[in-house]
Amino acid sequence: MRVAARPSDLVGGTPLIDLSSLVPNHNATLLGKLESLGPCSSVKDRLGKSMIDQAEKEGRLIPGKSVLVEPTSGNTGIALAFIARERGYRCILTMPETMSVERRIMLLALGAEVVLTPKEKAVPGALAKAKEILEELGDKGVMLNQFENPANPKIHRETTGPEIWRDTDGKIDIFVSGVGTGGTVTGVSQYIKGCPEFDCPPLKPDLYTVAVEPQEQMLITEARGGEKIGQQGPHKIQGMGAGLVPKVLGIDLLDEVVPVHSSKAEEMTFKLWMMGLPTGVSSGAIVEAAVQVCSRPENKDKVAVCIIPSFGERYFTHPMFAETKAKAEALTKQPLPEPFDNTEFGFATPRG
């Protein structure tokens with residue numbers, strides 16, 4: 001019998017889906033890795049498990065005593081919350097007030113404590129608040145610090161990268177990933193391109209690695225010496241563009257950074273929904289960037305893999321769903337056919 005003993009044992013092993021129909025003239029093969037099919041529906045399930053496993057191994061986390069404190073844009077928090085519930089840790093999460101109500105409900109339902117911080121300071125503000133809470137807790141508090149924790153890229157070297165290599169039969173040419181903490185794009189690239197520091201032999205040194213960031217917050221582009229495009233500031237792509245350049249991000253591994261505007265990310269997200277693939281807006285941004293790259297003449301007949309970070313049901317209060325939400329709320333019941341008497345259901349006449 002193949003049975004998981006606990007929820008965190010289900011993390012990883014996500015499938016690939018063919019998204020090539022989105023690429024004009026099928027110039028290249030585009031595959032999406034459905035991290036949305038994890039136990040708590042996001043790529044951050046891997047990160048949460050990796051960081052908690054490592055902290056337990058090091059003796060930093062003690063069930064019944066330790067309190068997890070972490071700044072998050074939502075999905076890492078959900079991953080930490082479900083594993084904390086599974087293993088008996090109190091969990092306090094700080095997050096910008098712009099994060100969706102669905103994420104807040106999910107965290108609270110999993111028993112976590114949620115502290116909102118001003119949207120103007122994005123994740124750095126949540127980080128400052130988390131550090132304040134950590135000080136108040138004394139030796140009970142443990143911050144795993146997803147933006148700096150080496151267990152972050154490690155899990156993608158050990159699981160995500162090998163899965164992609166195996167499932168593409170080693171035919172991957174291009175890898176496209178958003179940057180929240182930077183762990184996914186770093187770990188997968190280290191595994192496939194090769195990284196002597198972590199005993200990763202070069203499987204395909206010329207893998208073309210593409211990072212995706214919001215056009216409204218081009219900090220990674222700037223860090224690589226590029227120029228910003230348009231007005232910079234708040235954006236609507238939850239889970240990306242955290243307002244900092246993560247320390248775990250291997251900038252030297254990136255061959256290109258593609259900026260995607262929030263409006264373009266939303267347009268692609270709707271396209272994915274219309275394909276029967278419910279995703280969040282960060283998935284829309286990543287697929288939009290992947291389609292741009294796959295459409296280039298030099299990439300004809302190449303194979304690209306992009307990350308689909310999370311499931312779409314978590315984003316219904318995002319502004320992009322405002323019209324759909326209004327339609328749902330405006331729906332009214334309809335009368336039933338004979339022999340039903342519709343006056344029994346609040347209608348004015350038997351036929352409605």
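The backbone N, Cα and C atoms fix where each Cβ goes, glycine too.
Annotations in TrEMBL come from automatic prediction, not curation.
If you look up TrEMBL, you'll see Asn75, Gly180, Thr181, Gly182, Gly183, Thr184, Ser282 marked as pyridoxal 5'-phosphate binding site. Positions annotated as domain 'Tryptophan synthase beta chain-like PALP' by TrEMBL: 8-308. Per TrEMBL, the feature N6-(pyridoxal phosphate)lysine maps to Lys44.
Site extent for pyridoxal 5'-phosphate: the farthest pair of Cα atoms among Asn75, Gly180, Thr181, Gly182, Gly183, Thr184, Ser282 sits 15 Å apart. The distance from the Cα of Thr181 (pyridoxal 5'-phosphate binding site) to the Cα of Lys44 (N6-(pyridoxal phosphate)lysine) comes to 10 Å. Across the fold, the C-alpha of Thr184 (pyridoxal 5'-phosphate binding site) and the C-alpha of Lys44 (N6-(pyridoxal phosphate)lysine) stand 9 Å from each other.
You'll find the Cα of Asn75 (pyridoxal 5'-phosphate binding site) roughly 6 Å from the Cα of Lys44 (N6-(pyridoxal phosphate)lysine). Taking each of the binding-site residues Gly180, Gly182, Gly183 in turn and counting other Cβ atoms within 10 Å of its Cβ gives the largest count for Gly183.
Annotation for Lys44 (N6-(pyridoxal phosphate)lysine): spatial neighbours Asn75, Thr76, Ile78, Ala79, Gly180, Pro309, Ser310, criterion Cβ-Cβ under 8 Å with sequence separation of six or more. Minimal Cβ crowding within 10 Å, among the binding-site residues Thr181, Ser282, is found at Thr181.
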